[in-house]
Amino acid sequence: MPFAPLQNDTFLRACWRQATDHTPVWLMRQAGRYLPEYVATRARAGSFMGLATNTDYATEVTLQPLERYPLDAAILFSDILTVPDAMGLGLSFEAGEGPRFARPVQGEAAVAALEVPDMAKLRYVFDAVASIRKALDGRVPLIGFSGSPWTLACYMVEGAGSSDYRLVKSMLYSRPDLMHRLLAVNADSVAAYLNAQIDAGAQAVMVFDSWGGVLADGAFQEFSLAYTARVLAGLQRNGADGQPVPRIVFTKGGGLWLEAMRELDCEVLGVDWTVNLSAARRLVGEGTDAKAKALQGNIDPNVLFAPPAQIEAEVAKVLQAFGQPHADAAAKGPTHIFNLGHGISQFTPPDHVAALVQAVHAQSRALRKG
């Protein structure tokens, strides 16, 4: 399938640690409930899964934030739990309760029965990727994504979100053999899922390790990081247009393990708002070796509830924490992709998002001229 030429490659250039004329910005959950137009589309769809499984609706909501804001990337509208749903766990979204699985993975028999799902069951996701890429018409790149093997395991074993991760950690400590088997299936499933998104037109892919930070030191490396590495090792390197596809890994609460994460075979590390960007740049962003990473993040999403003038001041703090942008067009160097430290709140005022995006672009251009 021929694709329109890319008009704004700032995000991709930053992923590859190449100099850009401004710091690119996109936001986790940028297509979502804080936008009244999203709420209206979801009402027409009837449910969250009605939205996510309908190609036209998924395309519409993915593009909605780009109609409002000059963002530098689009991200597929979907959910991380589509993969375990395709495994037959029976996903539903109850009003006010969030996601729930009818058949959680608890016990030896349930783990033994798990296998990599038939990707045909996820055709609606890949159709949406192709549709969105076409609708973008080269405006900005499209990011595909998946949950990490560990984060998916948390939902699969608990059966829903959890405050204490008692069931999944009980399996991890009492039956590590079962946990390793579950994570291996998840890793191979996620790799196949992301490869299919790449084949459909995704220009970058991101692994969300939303719950990696709940693990103890040592357990994180064994049960989260190792299986994220297995996913990355299974990813194809070029997209449907023949262009290389950068890989992003975001671990919420993962600041303690940045040095270990520098060893991952990916291009970008996302960090949350607890991480000092200057220190992160020194740890993983500097250097001329192939393992040096671009950084993505990391403003606190709750900054968006402050008045616009304060949002601008907080943007300045993040940009200054990262430091002087890489400017040598002939060489790679430390680069920064501006994002939130986690997903945007549904209660965020849309005009405050406009203030943030405008501030990132204006201030980061000024930094380069300074």
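From the backbone N, Cα and C atoms, a Cβ is placed for every residue, glycine too.
DSSP gives Asp79 (site 'Transition state stabilizer') a coil state; it is part of no helix or strand. Note on Asp79 (site 'Transition state stabilizer'): other Cβ atoms within 10 Å of its Cβ, all shown chains, come to 17. For Arg29, Gln30, Ala31, Gly32, Arg33, Asp79, Tyr155, Ser210, His342, the entry in Swiss-Prot reads substrate binding site.
The site 'Transition state stabilizer' annotation in Swiss-Prot covers Asp79.
Among Arg29, Gln30, Ala31, Gly32, Arg33, Asp79, Tyr155, Ser210, His342, the residues given in the record as binding substrate, the maximal Cα to Cα distance rounds to 23 Å. Set side by side, the binding-site residues Arg33, His342 differ in how many other CB atoms lie within 10 angstroms of their CB, and the most is found at His342. Packing around Tyr155 (substrate binding site) is summarised by its Cβ count: 26 other Cβ atoms lie within 10 angstroms of its Cβ, all protein chains included. A Cα-Cα distance of 14 Å separates Arg33 (substrate binding site) from Asp79 (site 'Transition state stabilizer'). The distance from the Cα of Asp79 (site 'Transition state stabilizer') to the Cα of Arg29 (substrate binding site) comes to 10 Å. The C-beta environment of Ala31 (substrate binding site), restricted to residues of the same chain at least 6 apart in sequence and closer than 8 Å, consists of Tyr38, Val61, Thr62, Gln64, Pro65, Ile75, Phe77.
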